[in-house]
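In what follows, a structure is listed as structure tokens, so that the remarks can point back to it.
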Amino acid sequence: MTVPALQLEGLRKSFGKTEIIRGVDLSIGRSERHAIIGPNGAGKSTLFNLITGRFPQTSGKVRLHGHDLAGMAPFEINRRGLSRSFQITNIFSNMTVFENVRCSLLWSQGYKYSFWNMVSRSRELTEGAMEILEQINLTSRAQLPAGVLSYAEQRALEIGITIAGGADVIMLDEPTAGMSHSETDYIVELIRKVTENKTLIMVEHDMGVVFGLADYISVLVYGEIIATGRPEEVRANPKVQEAYLGAALEAEH
Amino acid sequence: MDLVVINLIDGLFYGLLLFMLSSGLTLIFSMMGVLNFAHASFYMLGAYFAYQISMYLGFWMGLLIAPLIVGIAGAGVERYGLRRVHQYGHVPELIFTFGLALLIEELVKFFWGNNLMAYQEPEILKFALFSVGANAVPAYKVFMIFTSIAIFVGLLYVLTRTRVGMIIQAALSYPRTVEALGHNVPLVFMGVFGVGTALAGVAGVLAGPVLGTFPGMAFVLGSIVFVTIVIGGLGSLWGALAASLLLGWLTTFAASSSFQFADLLNFFGMTRPEDMSESYLRDLWSLTLPQIGPILPYILMVLILVFRPYGLFGKRDV
Amino acid sequence: MKRTIKLGLGAALALSVSATAVLAENVKIAFIDPLSGPFATTGTNGLAEFQFAAEELVNKKGGVLGGTNFEVIGLDNKMDGKESLINLQVAIDQGVHYIVQGNSSGIAHALTEAVNKHNRRNPDSQVLFLNYSAVDPALTNEKCNFWHFRFDANADIKMDALTDVIVQNDAINKVYLIGQDYSFGKAVAAAAERDLGAKKNTVEIVGNELHPIGKVKDFTPYARKIVASGADAVITGNWGSDMVGLGKAIIEAGFKGPIYTYYAASNGITRTFGEAGAGTINLVGEGSINPSSSPEVDEYIAAFEAKYPDHDIAQPRIVNVIRMLAMAIDEAGTATDVAKVASALEGMEADNFWGGKIKMREQDHQAIQDVYVMQQTAGVKHTLDNSEFGLETVVKVENASADMPTTCEMERP
Amino acid sequence: MTDTYQKTATVTKAPVFSMAQVAPWVIAVIFLMVLPIAFGSNSAITIMNQMMITIVFALSYNMLLGQGGMLSFGHAVYMGVGGFFCMHLMNIVEANELPIPLPVLPIFGGLFGLGLATIVGSFSTRKAGTVFAMISLGIGELIAACSVIIVAFFGGEEGMPGDRTYFLPFFGTEFLRQIEVYYLIAFWTVLSALLMYLFSRTPVGRMANAVRDNPERAEFLGYSARWVRFFSFCGAGFFAGIAGGLFAINYEILTETNLSTTQSGIILLITFLGGVGFFFGPILGAIAFTLLQSVLSLQSEIWQLYLGALFLATVMFFPGGLAGVLMMHVPAARMGRLGWLVGPYLRTILPALIGIAGLAALMELLFHVRHSATGDTDMTLFWVTFDSHSILPWIVAIVATVGGIWLARQGAPKLRETWHRANTPGAAKTTGGAA
């Protein structure tokens, strides 16, 4: 049996007295597209932040390709092949689009903290960045400051930055939040294209996106996973329907 | 023993003076995120305005009017200067206050010249209230101590018992939320800036006669006020109070101690070299604690920032 | 873009240099001292004294070399060593052969080094450094050179005079030394310790303290220690706001004895001490103003006060700088060959404008003159700071330290 | 030399350096070579030396502030310590007659600056923002205080003097004359500027920008924000040390003022004045500031007041500094429309300058009346000598101030409109025809 790409064991997180994540066990296989859904306040973003080392967990384990990530800083986790995007657009807005992508290539191309190489002299860097820009359809925008792009373009750039480093586990936090229909379609197509043969974990509200993209779905309610499985299984699960709809209704009122 | 008692009183005096400055600064800093480098310049303006007023109307009118003028000037600076710079971000804001400090010093020199001003305490308080041993405690210092305590109590009352105070307190901890609640945050900012600078003005009026009124007085005190609020922790008035008193007593006791580093070197088993001019440690052998007293706060600050970046009482990062 | 800016810079440079170069035939004296910043008062005051002395005592009396006038050019060194060296270079380019400086021994050291190097490297544009106020003894001892002349009594000479006065006063048995933590403060403390020990070892030094320069906000703790030590007198070399802060704190703490100082007068200090300082603040210096030595001196001071109401004759020695330079130039018969002028100045003996004689000692270029201990008093003839207080001479020490040894080994060209 | 030029070059293909990149450097070198021919006086050369030293120092400061987003209040310490070590080295060379040529001295200054920066950076770069700023302030104050306490190393307030002429002659040059020193400093200035420019093009240099903009995102790209800051900090310390070495060579003395927090404040001022957003900004700042300091201070006693006002105006109205103002014109220049702006500029800026000059004249008059000697009513301003106590100069100054500012305000809307049009692709020069 192969080691799963990402494995969570009894993961818990408390803020003060409030327990937000209450023992999550989850195993995500390689090259799987896995969506985490759940009502508002279920702890999806917290779960993301725990996995990527943004917050330290209270107890439990996170394993990436079998390695325990406990106590690792975000950059160390990233170097082990996990990359993420953010719910709120998080790019280098004063730098050009091209620079944004090129910066995200540096570590994976082995430049590390080098101060003896000129970035502009590396054909691999330039070509690699242009290739990514090609993939996310931003070639024509390469020389603009990232801050002036449209919202959808900024989201696309964010995805571009996330995948550029060549990580094999990609985590996207609500990639289509706040987008129009056509923009959503564009982004979904983009995600499908760039995560080919990679492990994808995403949090998403738009059920159309979830059921269109995901191979597996996990449902997180009040810090616990109540169901995991193929989209059709999850859809049919009465427990999910009850709990999810109930919680969703509660959250709305 | 007498010396310890008198040092306690002097340290209290100096600490409370620091607190009058740091309380206003910590209000401004935690609310607007602005490290107001010109804070001590408002302190200087307080002293100069009061001096000018006292020439015509006497000390007490100066104490009353000068802080008001300083407060209005501070509010004006916020309204017409800082608010404009705010859009460019925190670093330009900080640099703005840095430039402001420079400009205020130059303006003071332009109008009053470089000389020391003969700003005096009022005649009525010019006597020694009591003595500890041979050391006299001037009535004016006791007056200052009580004035600053009164200001602190008043400030605490306003912050905890009034509606405006509640808003300000909330804004200290959750600036964004308060904005979202629909309060006129720019007005609150302007008010807090005005009050903060007015407090600095009061400190200037009171300290001018004791510590001297001269164009360098802001520079001398300026950075130590930052050190105070950083040590105390941001957003915490109690922290500012504790740090002010701590620094007050620390510098006072350091200055009056007679500790020599030679003792320390001897303790580590080193012997005093015969020919001092050849020894690279010769300066250490003659060093005393009073010599480095005024830089102790900086050492303390660096240590605190390295090991506890949110200060003694603070909850969030500096 | 970059080029036009640099061209603009060139034009501005040329402009600045030409704008200040006027009247080439005068004997130009470059005054290099702070004219802006926190120490500007001392600087502008000194410049006024120089310009007044040059005008009244040289130019109005026919100039030097049968009609050449003195011209004093003020250059702002911003109390910074680097700026002083730039000023020196600017002055040399304008054909200046004499520079005068006094504020800060640190800058004096930088200048005397630079002048020495310049004169060695450029024998055709040599300059003399006339130091009118920097009192670090080293300048006429181990760091002396042929191009440097000091017209003020140095810290050791002043302390020698001061301790003479102290040991004659039977009321003083315990002395407290306190000063700023830098070379001058240390030199004062060392000299006091040495002189008191040698002259009267029953005088006890109950405290010897240094505090950081310009960093102390509240001097009260230091004052407390002084009072608690039971000292009868305090000696300090402090200046500026450190002097005022210390003095006020000591007096407020209830200290009743005399405070002996080097620089506690003028620039607002006299006025700030006011009544409290009267009878307490003592100052050691050269040149007695109250009483003056002659009606001519009274007239000179009155004329100066009338022309510069905001300034005082705070540095009487400036008059001697101008007078002795004029005499040396006349004696040498040239104003441009400064080696000759320096030789004429060496060993020169002249009438001191303020009474008595003044001699420029040949071995070390240190002026030997009468030194006075003065006291802040109300109701004197010539007051300071437009206040009712001024300095009145208490004791005169004639030809102070005329035989003080020097370690100077001067190399003459 | 600017970011914009650089990027065009990168994307198209260019593993080699393009003309647009190399040209400014070549021009700068040629320019520095011929400059002393035009201005050969020793004082001009001294001022130019000072300018070049400031350029290196300001560029190194901008590695922190502009490129790394770290606000330091104690950068003078690295220049000072580098310089002091060079001074000691100079004295050691003199005492032991070591066979070292003078031109290599700055590299030692750089290494010592680097050493100190490594120590301090190891704990100060963990966080940016206020923590970093306050630590830098604390360290700055500490080392400045040490400079008067530890006399054995810093020489107290007399400073540490030395003599540069005892080094091994360098191709027959003993650096006796200022002009020789000028070329030595010019060489190091160009070299340091070039290296700092290239540093900003390296992976660490690029990541410094990324960390400045968004440290969290940078962490998720595999880079530790702390180590990126640390490397920038060390680089800045190194080049500050080189500036210190150059200072040691030029002035042959270092004093405690070299380490003071005032110096640290001044370099912040210079860098911001020049503009932190562009590589060449600090160069402009250093040139402008040195000129103001050496030229304005000869003309006016209240020059620091003007400097303070200029600085405040820059922060409030031109946060991009001089370089920002220049670069604002690039889009219009690309479209060949700079000519459009000449007229409105003349109509607005000329009166504004007159207004400012009038205001300055008022200040000078006020200052003269308050502080000059009694009876000395003659004053010279803008090459005119007049009586400051008569009414006429006051009227002239007030009229110039009010009139100039009024005219400038009249011209401003037109300028704004033209500016907008010049920067809008496809817009016509005037609106007249369309109506």
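Cβ atoms are placed via backbone N, Cα and C, with glycine included.
Taken from TrEMBL, the feature transmembrane segment covers B:12-37 (among others).
As annotated by TrEMBL, transmembrane segment applies to B:49-73 (among others). Beyond the transmembrane segment (B:49-73), the same-chain residues lying 6 or more positions past its ends with a Cβ under 8 Å from any Cβ of the stretch are 42, 117, 119-122, 194-195, 197-202, 204-206, 208, 213.
Counting residues 6+ beyond its ends, the transmembrane segment (B:94-112) has Cβ neighbours under 8 Å at 34-42, 44-45, 48, 77, 81-82, 85, 215-216, 218-219, 222 in the same chain. TrEMBL lists B:94-112 (among others) with the feature transmembrane segment.
TrEMBL lists B:139-159 (among others) with the feature transmembrane segment.
The transmembrane segment annotation in TrEMBL covers B:185-211 (among others).
Here the transmembrane segment (B:217-238) has Cβ contacts under 8 Å with residues 18-19, 21-23, 25-27, 29-30, 35, 37, 39-41, 43-44, 47, 101, 104-105, 155-156, 159, 172-173, 208, 211, 244, 246-247, 297-298, 300-301, 304-305, 310-316, 318 of the same chain, all six or more residues outside its ends. The transmembrane segment annotation in TrEMBL covers B:217-238 (among others).
Residues annotated as transmembrane segment in TrEMBL: B:245-268 (among others). Packing against the transmembrane segment (B:245-268) from elsewhere in the chain are residues 3, 7-8, 10-19, 224, 227-228, 231, 281, 284-290, 292-294, 296-297, 300: each is 6 or more residues past its ends and has a CB under 8 Å from a CB in it.
Same-chain residues lying 6+ beyond the ends of the transmembrane segment (B:288-307) with a Cβ under 8 Å from its Cβ atoms: 224, 227-228, 230-231, 247, 250-251, 254-261, 318. According to TrEMBL, the transmembrane segment annotation covers B:288-307 (among others).
A Cβ distance under 8 Å defines the sequence-distant neighbours of the transmembrane segment (B:185-211), meaning residues of its chain 6+ beyond its ends; these are 17, 20-21, 23-25, 27-28, 31-32, 36, 39-40, 42-51, 62-63, 66-75, 77-79, 82-83, 117, 119-121, 140-141, 144, 147-148, 151, 155, 164, 167-168, 171, 175, 178-179, 217.
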